[in-house]
Amino acid sequence: MTSPPVNDEHRIDAALFRHLVDRSAIPLVGSGAASLLVGASLAGTAHQTLAFAWVAAVFLVIAIRVWLVRRCQARIARDGYRAAEAHRFAATTGLSGLIWGCAGLGVLNNASPESLVVIITSIQAMTMGGALTLAAFPVAFYAFSLPAMVPLIGALALKGDTTGTVLAIFSSIMFVLIARVAKEFNGSLRNAWQMTFERTDLLEALQQSHDRQANLANTDGLTGIANRRRFDDLLEREAVRLQRTGEPLSLLLMDVDHFKAYNDTYGHLAGDECLKRVAEVFQAMLSRRSDLAARYGGEEFAAILTETDHRGALQVAEQIRTGVEALGIAHRSAATAPHVTVSLGVVTLDGREPKTPAQAIALADRELYRAKREGRNRIAAWSGSGDIAETA
Ligand SMILES: Nc1nc2c(ncn2[C@@H]2O[C@H](COP(=O)(O)OP(=O)(O)OP(=O)(O)O)[C@@H](O)[C@H]2O)c(=O)[nH]1
């Protein structure tokens with residue numbers, strides 16, 4: 001019902017990565033907006049030029065990431081999920097992390113207290129945002145957050161004053177908590193996808209089982225062709241359609257000649273084999289997808305030929321009759337021929353003279369027994385225009 005664990009893991013990885021790539025605009029917009037904020041906070045200070053160059057670098061990395069995201073999306077659509085693609089994606093989040101790490105190093109560079117607050121808050125906010133937006137792929141989260149946070153914590157610790165030390169400890173605790181949130185969030189996402197896949201697999205298995213049952217309920221166990229139930233269903237529908245469209249509809253009823261004698265001579269198992277081979281020919285001669293060949297019961301077969309006029313139905317019936325003869329199945333106790341033969345009753349309805357399915361079957365049955373009476377191995381036919389007897 002469910003795939004083996006390795007496949008499940010791969011499916012979850014793939015789903016999470018697709019989710020991540022498809023939503024990658026959010027962290028990119030966040031990174032751009034936060035960098036503008038940091039740049040603005042340093043405008044008019046001694047660090048203005050450096051700050052503007054840094055903002056330009058952030059936007060360059062954003063451009064590289066946008067390009068890579070597009071490439072990832074195209075490759076996933078073409079080849080499916082590949083771990084190598086995910087790691088390339090993580091490498092670019094690492095590039096973003098490095099750029100933000102450089103801002104952290106700026107803390108060392110005697111930034112004003114206001115700028116310090118903006119830089120620290122921005123980097124922590126970016127890391128917190130990363131925990132939510134990159135949690136689907138932890139490698140990408142750490143590739144971003146480690147180079148972003150470590151220089152900041154290091155720079156604060158190396159400032160040598162109490163405020164720096166307190167902020168370094170505070171930032172370290174924040175980072176541990178954020179990493180923990182990312183881990184929990186990743187676990188929740190994985191569980192959600194696991195449940196989604198289990199549900200999809202279950203629905204698929206149920207659908208397959210339902211299709212199998214439906215198929216079994218409509219199939220004849222011995223010959224593998226449709227059974228009477230399916231034949232009756234289709235005939236009901238076709239009879240309704242005939243009234244609506246007036247397109248001709250033909251029915252064939254076929255019976256194996258002297259089949260009791262065949263069973264008595266060769267045994268019941270040989271009789272079964274014979275029915276299977278006859279059924280194959282019966283079905284093979286119906287060329288349209290909309291036609292249906294069915295075992296009507298015992299050694300009797302029935303076919304529905306949709307939109308088929310009387311001439312066409314007679315052609316098909318004759319092909320079936322000669323096809324069964326051509327099988328050359330020996331039948332030494334048959335009075336008709338030294339091999340197995342069949343008789344057929346053919347009926348064509350054209351909608352001008354309404355007939356219920358039961359009436360149509362009764363007509364075909366009447367014709368079949370006329371063919372039997374007239375010597376077997378032949379076709380007897382009826383159409384709305386009168387009786388037509390065909391003989392082999
Ligand atoms: N082996 C086998 N025999 C079957 C099966 N279904 C029906 N029969 C046999 O088919 C025979 C049909 O015999 P009858 O109805 O007397 O007809 P017939 O001997 O073919 O004679 P005509 O139809 O008049 O040519 C019976 O002996 C049934 O037992 C089946 O699934 N397998």
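Each residue, glycine too, has its Cβ placed from N, Cα and C.
Automated prediction, rather than curation, is the source of TrEMBL annotations.
As the structure is a computational prediction, the values presented were derived from the model and not from experiment.
Per TrEMBL, the features are as follows:
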- 25-44: transmembrane segment (TRANSMEM)
- 50-68: transmembrane segment (TRANSMEM)
- 89-109: transmembrane segment (TRANSMEM)
- 139-158: transmembrane segment (TRANSMEM)
- 164-182: transmembrane segment (TRANSMEM)
- 247-384: domain 'GGDEF' (DOMAIN)
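Across 50-68, 89-109, 139-158, 164-182, the stretch most heavily in contact with the transmembrane segment (25-44), judged by Cβ pairs under 8 Å, is 50-68. Per-class residue totals from DSSP over the domain 'GGDEF' (247-384), listed helix then strand then coil: 60 helix, 36 strand, 42 coil.
Per-residue confidence over the domain 'GGDEF' (247-384) averages 94 (mean pLDDT, predicted model).
If you look at the transmembrane segment (164-182), the same-chain residues 6 or more away from its ends with a CB under 8 A from one of its CBs are 120, 124, 127-128, 130-132, 134-135, 138, 141-142, 145, 149, 152-154, 156-158.
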